[in-house]
Amino acid sequence: MSRKKKSRKPGAAGAPEFVVTRNRTESDVEGRLRKRAKKRKGLKTGSRNSEVNEQKKQSSEQNRDPRLGSKKKIPLIVEPVKKMTKQERRLSAEQELEMLENDAQLNVLLDRIEAGENLGTGLQKYVDEKLDRIEKLMDQLGLLEPEEEEDFTASSAKGSRNDDDLLADFDDINFDDYKG
């Protein structure tokens, strides 16, 4: 019968729940593996020559003088910057408008606003800036229809009702309809 070793893990002395038993052969195998790992700590054999070649390549790159600079040619005459034509600016404005209209984040935020959700100040500011930019681009491209001004005369007529009319409306209200 082979010898059984008890583990040194702490536990209840009376009831050993986690007793690890090891055979002699398992311990021998583990010991051999540890010894083999200890023996092979150093570098690979025969790697001396290849390391020297690699170091020579690296040292030649490191010895390069940084003061020599680049061999890239630099133009001595400054060419004037070409201004965008009206047609190119119009195209870029159309592209920007298309990008803003297809902006996924802006569409999600607008959907949230339509649903009655209140956005934070940062998100609301973002939405306002984007909508203002869309309005400017549409105006620039001639796509924006001028807003029709509402007739303020009709609203001012309602607002100019005198106190007697308002009091008469209040007296005519039937409060029995609102009782639950």
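Each residue, glycine too, has its Cβ placed from N, Cα and C.
Under the heading compositional bias 'Basic and acidic residues', Swiss-Prot lists 23-32, 51-68. Swiss-Prot lists 33-43 with the feature compositional bias 'Basic residues'. Taken from Swiss-Prot, the feature compositional bias 'Acidic residues' applies to 165-180. Residues or ranges marked as region 'Disordered' in Swiss-Prot: 1-87, 142-180.
Packing against the compositional bias 'Basic and acidic residues' (23-32) from elsewhere in the chain are residues 2-3, 5: each is 6 or more residues past its ends and has a CB under 8 Å from a CB in it. Under DSSP, the residues of the compositional bias 'Basic and acidic residues' (23-32) split into helix, strand and coil as follows: 9 helix, 0 strand, 1 coil. In terms of DSSP secondary structure, the compositional bias 'Basic residues' (33-43) contains 7 helix, 0 strand, 4 coil.
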